[in-house]
Amino acid sequence: MPTPSMEDYIEQIYLLIDEKGYARVSDIAEALSVHPSSVTKMVQKLDKDEYLIYEKYRGLVLTSKGKKIGERLVYRHELLEQFMRIIGVDESKIYNDVEGIEHHLSWESIDRIGDLVQYFEQDEVRVKTLRGVQKANEEKSN
C-alpha cells in the first residue's frame, strides 16, 4: 500500500497524464508545490515499487498498478468533494478539508460515503430536508 505522500504523487501524476498526456518532474513539482529534487526521489521510489516506469530525462508512465490506484485516488478525492458540497460545506473550504481527511479514511468508509452521496443525489428532496435540519440547528445555536 502506498503511503499518504505516495498517494499524493500518484494522484497528481494520474491527473497530469489525463490532462496533458504526460507528466514531467517540473509539472509534478509545480502542482504539488515541492522542489523538483523531492519529486525525483519520490518518482524513483514509485518506480521501485512498480507504480510507474521512470527514465531519467525521458519522463514517466504509470504502470497498470499505478493507473488503477491513480484512478481510485482521483475517485476518492472527487467523491469527498461531492460529499462536502452535499452536506453544505463552504466551497472555499472544501479542497483543504478533503486534503486533510482523504488519507485517513478506509476504503470501506469511502464506499459508505459513496452510498450516502448516491442516496442524496437520487432525490433532491433529501438534500432540501438536510438544509432544513441545518437551518434549524443554526437557529438553535444563535
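In case you wondered, yes, glycine gets a Cβ from its N, Cα and C as well.
Look at GLU102 (Mn(2+) 1 binding site): DSSP puts it in a helix. Packing around GLU102 (Mn(2+) 1 binding site) is summarised by its Cβ count: 19 other Cβ atoms lie within 10 angstroms of its Cβ, all protein chains included. Taken from Swiss-Prot, the feature Mn(2+) 1 binding site applies to ASP8, GLU99, GLU102, HIS103, supported by sequence analysis.
Among the features that Swiss-Prot reports, Mn(2+) 2 binding site is placed at GLU11, HIS77, GLU99, GLU102.
Here Swiss-Prot flags 1-63 as domain 'HTH dtxR-type', drawing on sequence analysis. Mean pLDDT for the domain 'HTH dtxR-type' (1-63) in this predicted model: 93.
Secondary structure of the domain 'HTH dtxR-type' (1-63) per DSSP (helix as H, G, I; strand as E, B; remaining residues coil): 38 helix, 8 strand, 17 coil. Cα-Cα distance from GLU102 (Mn(2+) 1 binding site) to HIS77 (Mn(2+) 2 binding site): 7 Å (rounded to the nearest whole number). Within 10 Å of its Cβ, the residue among the binding-site residues HIS77, HIS103 with the fewest other Cβ atoms is HIS103. Of the recorded residues, HIS103 (Mn(2+) 1 binding site) and HIS77 (Mn(2+) 2 binding site) place their C-alpha atoms 10 Å from one another. Ranking the binding-site residues ASP8, GLU11, GLU99 by other CB atoms within 10 A of the CB puts GLU99 at the bottom.
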